[in-house]
Amino acid sequence: MRVGVLTGGGDCPGLNAVIRGIVRKGVQEYGYEFTGFRDGWRGPLENRAVRLDIPAVRGILPRGGTILGSSRTNPLKIENGIRRIKETLAKEEVGALIAIGGEDTLGVAARLSDEYGVPVVGVPKTIDNDLSATDYTFGFDTAVGIATEAIDRLHTTAESHMRVLVVEVMGRHAGWIALHSGLAGGANVILIPEQRFDIEQVCAWVTSRFRASYAPIVVVAEGAMPKDGQMVVKDESLDSFGHVRLSGVGEWLAKEIERRTGKEARTTVLGHVQRGGTPSAFDRWLATRFGLHAIDAVRDRDFGKMVALRGTDIVRVPIAEATARLKTVDPALYEEVGVFFG
Ligand code: F6P
């Protein structure tokens, strides 16, 4: 059998490890052949196919990004998108497709499988860790590591100048990166999209930190919002999945803190640094296991399923279940971390 593989949405450390796991086991154990589709759903839409064999995946385990390229193309928004995908799969004699992606890519995969009978297996990917049905997505651990290192470094410069340093991390609807890196990095304030924040309270925490003769670090997820304000967006235009481009809340916070407390405040926006470069050992481990289990699901013809981490086991769940709702930070967990604020 020939199996198609694509990576969609924002890139994420560990994508290449998944591809390698799929191809190595698929060729060695099951004698499959592989076609890689380039640039997410654009690949099967426009028949941008490349050969994937063992030499093609050699040496890619520690490489960031994706050798297949990625895009946020939504075939459901394109005229005859489904028909074109089906035609490509037939022409390339692809009997099964593995889609590696986040809520958007897997949302398409679920519909292709459940409504249009395309044999798809999903692999969950996102640095945001906001996919339901899996305890962790790969890429998250790497992003948290990068953000934590940045916070560690910002502590020493904040202390030297007795400034407030605001660190803006990714996280559109879920504050997992902010929460984990903020806790690991010893931040004094952590703001997440799930809980609207009170700017007065933020300033009170900042002031109390200065009173103790330390400089405060404020970690804010890009999707965090003030109680009586809106999400700060960089660009109002929507991508094909209906998302605006975020970023700016860090800058806004620094200005407000400076204005209200009289203390100098600066912002560092980590942006795509969090998504780039080599995956952590944990992400290589998780991504590789997802790849191995995804090709097993293909062998079992268990389509419409996504591989997921539950504890230390990899299980299969309906893709639709994983994309039905986002996994957000529980208020009780956020409250637990609140003991370190101020
Ligand atoms: O979904 C992952 C993510 O990194 C989000 O945290 C962020 O909001 C978004 O992608 C940014 O997307 P882009 O790189 O397309 O601007």
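Including glycine, each Cβ sits where the backbone N, Cα and C put it.
With Thr126, Ile127, Asp128, Met170, Gly171, Arg172, Glu222, Arg266, His272, Val273, Gln274, Arg275 listed by TrEMBL as binding substrate, the candidate from Arg163, Arg259 annotated for that site turns out to be Arg163.
In this structure, of the binding-site residues Met170, Val273, the smallest number of CB atoms within 10 A of the CB marks Val273. The average per-residue pLDDT of the prediction over the domain 'Phosphofructokinase' (2-298) is 96, rounded to a whole number. Cβ contacts within 10 Å of Glu103 (Mg(2+) binding site), excluding its own Cβ and spanning all protein chains shown: 23. Note on proximity: of the recorded positions Gly10, Asp128, Val273, Arg275, the one nearest Asp104 (site 'Important for catalytic activity and substrate specificity') is Gly10, by Cα distance. Checked against ligand 1, the recorded positions Gly10, Glu103, Lys125, Thr126, Met170, Arg266 give Gly10, Thr126, Met170 in sequence order as having a Cβ less than 6 Å away from one of its atoms. Val273 (substrate binding site) carries a helical DSSP state (H, G or I). Considering only the residues assigned to substrate binding, Thr126, Ile127, Asp128, Arg163, Met170, Gly171, Arg172, Glu222, Arg266, His272, Val273, Gln274, Arg275, the longest pairwise Cα distance works out to 33 Å.
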